[in-house]
Amino acid sequence: MSFGTDRFSFQRWWSVVLKEFLQLRRDRVTFAMMIGIPIMQLFLFGFAINTDPKHLLTGVIAADQSEFTRSFLASMRHSDYFELRQNLPDETAGREALAKGQLQFVVSIPPDFTRKLVRGERPSLLVEADATDPAATGLALASLPQLVQGVVSKDMKGALSPLAGGAGGGEGARAGAPPFDVRLHRLYNPEGITQYNIIPGLMGTILTMTMVMMTGLAMTRERERGTMENLLATPVRPLEVMTGKIVPYIFIGLVQVTIILLAAYYIFHVPFVGSVWMVYVAALLFIVASLTVGITLSSLAQNQLQATQLTFFYFLPSILLSGFMFPFVGMPKWAQVIGNVLPMTYFHRLTRGILLKGNGWVELWPSIWPLMLFTVVVLGVAVRFYRKTLD
């Protein structure tokens, strides 16, 4: 086969290279994605991702106000893992705070703790943890034995020194063990099963990817095929066009939710503690929010390739900063601010709260209203951009 000449021409080769650079220069969205996505990945993975979260919010129910109790709480406060925020009146208030996601831990100290400790009766204090995300609390719980040992060796001296290691500590003492027990209650996921956290999060991930991309491709496809001109000749308003286009995708999204829920229950045995209908309500809000994002991105894209690129640009921070792959509480404050803007963050909290905690509307409302606000704001932006596209 001959291409007109047998010799390699540097001049012709250089012309092809220049042509490709000119095409990249004209396609600014693609060029921006090629530069922006690696930079975003570098910063997100380098600064925002933390698999060892510190300063976890901890509530305290301290019915015993002795010197030893204050020393134990001070050691928790000075550790990297626990940040004591609230003095709770009772265990009911502690459970409510854990259910709402306001706290990661609740420490309960009984009223006769110190008296039993001095008598060598091995009292117990209770540490309850929100274990819906085992990665967020696992290392903190693992640090408790070392923390307890440090408090015992520091404060139990003199006449109390025989109790420090359990030797001579009276009935029930165990040699080499601390003079009191720390009972750990991992709530909502006591066995630390990863699927209980991953499967509800996958629902948001799948819906984000499919809803945003499908809507973006559908809108840009009409622009490429010229069918957008047919809409210009009709009296249909932009809001009517957009809401009419997203209805079929809402149905598709609900079908996806049904498939995921069936797989979660029958294959992965994820517990359904709360109402399944609440999951569908939360999913409906999240689907509409994702579709409005897809319409907005399609208004910015010139073709289907650009729509796909913009979808990935939106999808990457959604999956990394929502608390799905990495603990949300372990991220720096600036990353949490970005994550709190993304609808997937709230949907992830809703699904875990409903399926694992059995939360009702009162506990879910702090995550519902941001989804509604996001949808209204982005829908307004989408209508404005879409009107400019029609013009």
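Yeah, the Cβs are placed from backbone N, Cα and C, and that goes for glycine too.
What TrEMBL records for 141-389 is domain 'ABC transmembrane type-2'. Annotation source TrEMBL lists transmembrane segment at 29-49, 198-219, 246-268, 274-300, 312-330, 368-386.
Note on the transmembrane segment (274-300): residues 29, 203-204, 207-208, 211-220, 242, 245-246, 249-250, 253-254, 257, 261, 306-307, 310-311, 314, 343-344, 346-347, 350-351, 353-355, 357-361, 364, 368, 371-372, 374-375, 378-379, 381-382, 385-386, 388-389 of its chain, located 6 or more positions outside it, place their CB under 8 angstroms from a CB of the stretch. Under 8 Å from some Cβ of the transmembrane segment (198-219) lie the Cβ atoms of residues 245-246, 249, 252-253, 256-257, 260-261, 263-264, 268, 270, 283, 286-287, 290-291, 293-295, 297-299, 301, 304, 307-308, 310-311, 314-315, 318-319, 322-325, 344, 347-348, 351-352, 355-356, all in the same chain and six or more residues away from its ends.
Segment contact is absent for the transmembrane segment (29-49) and the transmembrane segment (368-386), given fewer than three CB pairs below 8 angstroms at sequence separation of 6 or more.
For the transmembrane segment (312-330), the residues of the chain that approach it from at least six positions outside its boundaries are 33, 36-37, 40-41, 44-45, 48-54, 56-57, 104, 133, 135-136, 201, 204-205, 208-209, 212, 293, 297, 336, 338-339, 342, 344-345, 348-349, judged by C-beta separation under 8 angstroms. Counting same-chain residues at least six beyond the ends of the transmembrane segment (368-386), those with a Cβ under 8 angstroms from any Cβ of the stretch are 238-239, 241-242, 282, 285-286, 288-289, 292-293, 295-296, 299-300, 340-341, 343, 346-347, 350, 361.
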